[in-house]
């Protein structure tokens, strides 16, 4: 048995020999008598290194265990790193493009709409910057959206140039022609009922007699009699004002099929008698000139000089609209004050309003 006395620096060895004596070894004895100290901690790892034997000193005090000091230092360092990482203040402003060593900083591949960052901190050596929490999300415009105001303005301009393309003033009509009546005269009489222009779209029925214009330049006509099925009927009649007399200009063309399969057609030059009830589809619209005449003309604003006016109180808010409409008229600056004073419509009326 060996006893280590720290106060005196002496080691006592008990031997169980024949004499049963006790040998006392002092600190200045040879190294064969020294024994390594035992650690008091019971949970040491089996791979721990045994510290070297204590060196003799003047005070004969043993140094603290080396293993315990190492474990304490490692634990303290880890704790300090955790505290410094948790209390690190997040920097604001634009992130750096280059790192301290001059290398380009890699951006985070995460999108802006990703989930919040995890609770654990990245390793100190990584240079990954996350913009999900620092930058604001910008408004994303849908791909199928467009400027409706600009589109509406373009349509209005197109209507001024070609009103028929917009289709807002186009009205369809159906004309029924009884047996024995002239289809041409029926359409012309319908077009004379108003100032609108007429276009013939289609027709169906049977014709008993038709007069067509010859295609040559002689100006002759051809008349066909029998039963002919209407294949197509088209034309237009436009209003015309010449010398104060309102008239119609235009014409129609027709294609007919005979019972034996022959097809005849051309420009109508006379009667188109119906052999059965005939339905004609026409459309009425305003021509380009009529459309521009009926549009309200915009008043051109002339520049005028006017003296500054005083502020108008709330009690005379009703009179403010009258003064504003009169002041916007292009009148002379010299007679502006006189016209306002002489006009009885511009008299101010005192209105008392109790505001609670």
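Each residue, glycine too, has its Cβ placed from N, Cα and C.
Residues or ranges marked as region 'Disordered' by Swiss-Prot: 1-127.
As annotated by Swiss-Prot, compositional bias 'Pro residues' applies to 49-66.
Annotation source Swiss-Prot lists compositional bias 'Basic residues' at 88-97.
Annotated DNA-binding region per Swiss-Prot: 89-101, in sequence order.
Residues annotated as motif 'Bipartite nuclear localization signal' in Swiss-Prot: 89-97.
Summarising the annotation, Swiss-Prot assigns compositional bias 'Low complexity' to 106-118.
Residues or ranges marked as domain 'PPC' in Swiss-Prot: 167-309.
DSSP places the residues of the region 'Required for nuclear localization' (270-287) in helix, strand and coil in these numbers: 0 helix, 13 strand, 5 coil. Look at Swiss-Prot and you will find 270-287 tagged as region 'Required for nuclear localization'.
According to Swiss-Prot, the motif 'Nuclear localization signal' annotation covers 295-302.
Across the DNA-binding region (89-101), DSSP assigns 0 helix, 1 strand, 12 coil.
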